[in-house]
Amino acid sequence: RYWPFMDSDCHKNFRLTVCGTFLPKCSTGSTATVLPCRETCFSAKRGCSQKLKQGGTKWPNRQLKCNRFRRKRQGSCLKAVPNHMAPAPLRYAYCEQNTFSACANLSLQIRTLPNMFLQSDERIIQLEMNQYEALLQSRCHDNLAFLLCGVFAPFCPNDQQPFVLPCRETCEEVEMACAEEFQRLYRGLPWPAKLQCHRYPSGSSQQACATPNDAAIA
């Protein structure tokens with residue numbers, strides 16, 4: 001439920017709090033586990049509650065009740081990491097012809113790297129895209145390839161728009177049609193975090209996004 005927000009920018013301590021709670025740190029030869037510090041939990045909650053609300057959910061107060069964790073001064077807990085450093089701006093390495101086989105029939109053929117997950121190695125991206133081959137072969141939706149290509153190799157229509165993602169509406173159509181088939185093919189796994197549609201701009205927003213029939217960009 002909360003996995004789609006793991007690599008969001010709401011707070012650096014969100015992943016530490018969630019993973020540290022559900023998959024506590026432990027040491028070889030010891031049965032003791034180390035949970036997040038109370039301060040770690042509260043910093044993540046302050047930073048991410050609004051983001052969760054925008055995504056249609058709430059902070060999980062029952063599972064992540066911050067007051068039940070140890071204070072930092074009590075020791076044996078996962079301390080918060082600083083959140084004051086702003087992320088470096090994404091630098092677009094290059095725009096070039098899209099050579100991924102799944103993208104061969106798209107109208108938008110120029111891509112940019114790195115993608116939004118800071119992946120720029122074509123081999124790594126291709127390996128990840130290969131994981132969706134069975135889903136592509138299922139033909140669950142005509143625009144699945146468009147979505148995958150736009151996510152892993154964003155569109156670069158011109159110099160003024162060097163990084164354009166698929167529109168949220170297209171993503172939602174694909175997810176609605178393909179999520180059940182994905183679970184069937186991949187033994188019950190939920191819809192992938194990188195394809196969670198809240199990540200992508202709406203066609204009605206001011207941010208440019210791409211639709212499958214675009215020769216230009218919406």
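Cβ atoms here come from the backbone N, Cα and C positions, even for glycine.
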Subject >> Selected from Cys10, Cys95, Cys103, Cys140: TrEMBL disulphide partner of Cys48 >> reply: Cys10
**OP:** With a 10 Å radius around each C-beta, find which of these disulfide-bonded residues (Cys10, Cys178) has the fewest other C-beta atoms nearby.
**Re:** Cys10
Subject >> All-chain count of other Cβ atoms within 10 Å of Cys149 (disulfide bond) >> reply: 24
**OP:** Please report the number of other Cβ atoms within 10 Å of the Cβ of Cys48 (disulfide bond).
**Re:** 22
